[in-house]
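Chemist: According to TrEMBL, the protein carries these features:
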| type | residues | note |
| --- | --- | --- |
| TRANSMEM | 35-63 | transmembrane segment |
| DOMAIN | 55-429 | domain 'Cation/H+ exchanger transmembrane' |
| TRANSMEM | 134-154 | transmembrane segment |
| TRANSMEM | 166-190 | transmembrane segment |
| TRANSMEM | 202-221 | transmembrane segment |
| TRANSMEM | 241-262 | transmembrane segment |
| TRANSMEM | 282-308 | transmembrane segment |
| TRANSMEM | 328-346 | transmembrane segment |
| TRANSMEM | 353-373 | transmembrane segment |
| TRANSMEM | 385-404 | transmembrane segment |
| TRANSMEM | 416-439 | transmembrane segment |
| DOMAIN | 495-615 | domain 'Cation/H(+) antiporter central' |
| DOMAIN | 628-774 | domain 'Cation/H(+) antiporter C-terminal' |
Amino acid sequence: MANITTSSIAYEAWICIGDTSITSNGLFRSDINPLYYSTTIILLQSSLATFMGCITAALFLPLGVPSMVTQLMAGMSLGPTLLGRIKNFPTDIFPPRSYIPLHTYSDFGTVMHIFLMGVQMDITTAIRPGKKGVITGISVVVVPLALTTLWTLFLTKSIIDETGKLSNYLTVVGKVESLATFPVIAGYLIELNILNTEFSNLAFSASMISGVLGNMIVGDIMGNRHKKDYKTEGAVGAMSLSYLIVVILTIVLLAPTIRWIIKKTPDGQMVKQDHLNVVLSLIFLTVYICFQGSLHILFPPFIAGLIIPSGPPLGSALLEKFDFFSKWMVMPIFYATHASMMADIFEIPLTKIFLVGSLIFVSFIGKFLGAFLPAVFFNMSYKDATLLGLTMNTQGFLEVLLFATFADKEIIDAECFTIMCFSLIILTGGSAPLVRYLYKSTMKYNLHNRRTIQDTVPNSELRVLGCVYEEDNVPSMIHVLRATNPTKENPIYLSIIHFVELVGRTTPLVISHKVHRNLPSAAAVSQHIVNVFKSYEDSNKGIISVHPYTIVSNFPSMHNDVCKLAFHKRTSLILLPYHKNLATGSINPGIRTVNCEVLNNSPCSVGILIDRGLQNGGKFLFTNWVSYHVVVVFLGGADDREALAHAKRMSEHPAILLTVFRFLPSSGIGTDTDTTERNLDDAVVEEFKLETTSNHKVSYIEEEVEEGLGVIKVINSFADKYELIIVGRRHDEKLPFIIDLTDWNKCSELGTIGDIFTVSGYGGKATILVIQQQSKGSSLFLQSWQIETTI
């Protein structure tokens, strides 16, 4: 067994561990405690940190507390304040001999996490943040810095000794607490699904500016410390040389390598693993150089991450490979490692808790005012300004890392470090649920005028919002738009959104292709889709106008973008693609989430498009139709009435042959249907029949059925007779044949009848349009929204 000795020399702990104490022979094959070995102890520490992270996440994430706060709570629970109070826990689970491998593992994870943060950042956002972003970003730092400086002077003059260490600690605490970092704020807003709003866009740009100022403040603090640590000019020169070497390596070697990798990766394909290994090797080489030059090891990975273009192919590939491992496997160890540097909160004098805590609270108020006042000055609503103020006070991983670095360098002591981490949990963890609540109730738009096709005034513009995710969504949408029969008397105003998933970047984007001539790279992937709709517009001048957008966002928040744009554009119909490709069987759960949320929150009617083969029929796209067969399945209810209203508009198209199948319960069957709804159905059907009497291309058929099987038989007879089938999503659930078909409804967003058509063989290869009419008296909770890029 190797000898282990420790000694303290010049405030540095020296730990000597024999090279044999790495791997255990097992519990039953050795008389030595397995926890003596480095591999065993670090595996136990990792498992314990991850386990505690899962517990705190399960307890507090449902309450709206951000994941970065729950992970800090997990790490601190392993420190002196909680489990560290158990006898022998610190010495057995976190013994001094484990510090070196544990800190090495933690530093490795920190490098990876910082690198991935840089990858997700889009530095073009900081280049043109706008007047509001610059002023708010400066104010968010200057105001709290001024207030904390004044409060520190007051405390040192009246309560504590000006010459004591605590006075110096308070000065540093005031400066550090005045910082606001972009990666943390961006991750916070993404986790809360608050994107593409006025206050979130301002928070993104302001945090970029405040981050630059924060780096200057941190550089000043660290520079003063280095002057004390390195008395000779040679040491300072070595540090400067290390910085220079890292910058040269980044510019001369890393940047060209990244460009070469991107150039060698074909469009739509993943980056090769060997190429990823090359990038990581270069990054760790620069980290090694910084380490040898006594620089902070986080400088090179962050710079390297910044120069890698966010998004595909390289940025998204790196995130896909390492993001989960970094966040949920390594970061718990980071927090657990730094928790060992903390003091027991119960052993800290109350006076010190008050002094440091009051300074942190003053900084919180200063940062809030620094964001709130400029926002109000720029005519932002009070609630939005409040949301901005709370958001700019968000702290997370970078702040904890900064606190720990200062504690390690003895710029602050362990007690200040502990108080600052506890305040982070209280302020950030406590404000997040409030931000969620205020965001949901920020603006309530009462829709006094219904936005449906049925309520659209004849001979007026029909406003439609279409959403596409890929090229395959385009043909079926253009087919439906053509069938809707736009004319000079009944034009269509089309807003088209191409959604790009937010991968490999933290900054969401809303890009108007008509407003911006010089489009950012994020919009380049949309150009070929936009060109198709532009061609459709050019071939139909005066009867359809196309307004394309690219929205880069994550799936949980995409429905907000759809509903907000639909509201502001006064849309009557939203067209969404079905989440399942029936030809290949592939499913996108994210699209299904968007569809369900839009159906629940839409300010207008919604149609879900199921394409089963027309995407391969390119001959129909822009050629003249000889005939186009459309059928409406009418069972009764508001959604079916909306479907019939849409079909009535189509019936005026010279090439469309329209058939309406109305299903009625057999006369011998007693029904308990809604009389009011039945009367509305009868009135709409009679009006439709009256208006289409002279149209020989319209057929109306009534089918009496006793049970659901009768409906299925009629639907099965459609086969390949029709190119488009229109059906309402919801029906009177008291109808006997609807009750029989309840078991068919496996996909709630399509409804009972719509779901039947997803089964192979029903309806041939026709496009299916499932329509939901906007409910009466509905209201929406929408956030103010900006159609602009964040660059």
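For all residues, glycine too, the Cβ spot is worked out from N, Cα and C.
Let's see these features in context: how buried, what's close, how far.
Modeler: Beyond the ends of the transmembrane segment (134-154), by six or more residues, the same chain brings 167, 170-171, 173-175, 177-180, 202, 205-210, 212-214, 217, 358-359, 362-367, 369-371, 373-375, 388, 392 to within a C-beta distance below 8 angstroms of the stretch.
Long-range contacts of the transmembrane segment (328-346) within the same chain, counting only residues at least 6 positions beyond its ends with a Cβ under 8 Å from a Cβ of the stretch, are 45-46, 48-50, 52-53, 71-72, 74-81, 84-85, 90, 94, 99, 102-103, 105-106, 108-110, 112-113, 353, 397, 400-401, 404, 407-408, 414-415, 417-419, 421-422.
Beyond the transmembrane segment (416-439), the same-chain residues lying 6 or more positions past its ends with a Cβ under 8 Å from any Cβ of the stretch are 60, 63-66, 68-69, 72-73, 76, 81, 169, 173, 176-177, 188, 192, 194, 197, 341-345, 348, 352-353, 356-357, 360-361, 364, 383, 386-387, 390-391, 393-396, 399-400, 403-404, 406-407, 783.
As a whole-number mean, the pLDDT of the domain 'Cation/H(+) antiporter C-terminal' (628-774) in this prediction is 83.
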Chemist: Please determine whether the transmembrane segment (353-373) and the transmembrane segment (35-63) are in contact (criterion: at least three Cβ-Cβ distances under 8 Å, sequence separation 6 or more).
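Modeler: Judged by the Cβ rule, the two regions do not touch, with the required three close pairs absent.
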Chemist: Which sequence positions outside the transmembrane segment (241-262), separated from its termini by at least 6 residues, show Cβ-Cβ distances below 8 Å to it?
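Modeler: Hits for the transmembrane segment (241-262): 271, 275, 278-279, 282-283, 285-286, 289-290, 292-295, 299-300, 303-304, 307-309, 313-314.
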Chemist: Please count the residues of the domain 'Cation/H(+) antiporter central' (495-615) that DSSP assigns to helix (H, G, I), strand (E, B) and coil.
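Modeler: Going through the domain 'Cation/H(+) antiporter central' (495-615) residue by residue, I get 47 helix, 34 strand, 40 coil.
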Chemist: So if I exclude everything within five residues of the ends of the transmembrane segment (202-221), which remaining residues of that chain have a CB under 8 angstroms from its CBs? That is, six or more out.
Modeler: 125-126, 129-130, 132-134, 136-138, 140-142, 145, 172, 175-176, 178-182, 185-186, 189, 371, 375, 380, 388, 391-392, 402, 406, 411, 507, 790
Chemist: State the non-local partners of the transmembrane segment (166-190) in its own chain: residues 6+ outside its ends, Cβ under 8 Å from one of its Cβ atoms.
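Modeler: Tertiary neighbours of the transmembrane segment (166-190) are 66, 68, 117, 120-121, 137, 140-141, 144-145, 148-149, 151-152, 155-156, 160, 200, 203-204, 206-208, 210-211, 214, 217-218, 221, 352, 355-356, 359-360, 362-364, 366-367, 391-399, 402-403, 406, 411-413, 416, 420, 428, 432, 502, 506-508, 554.
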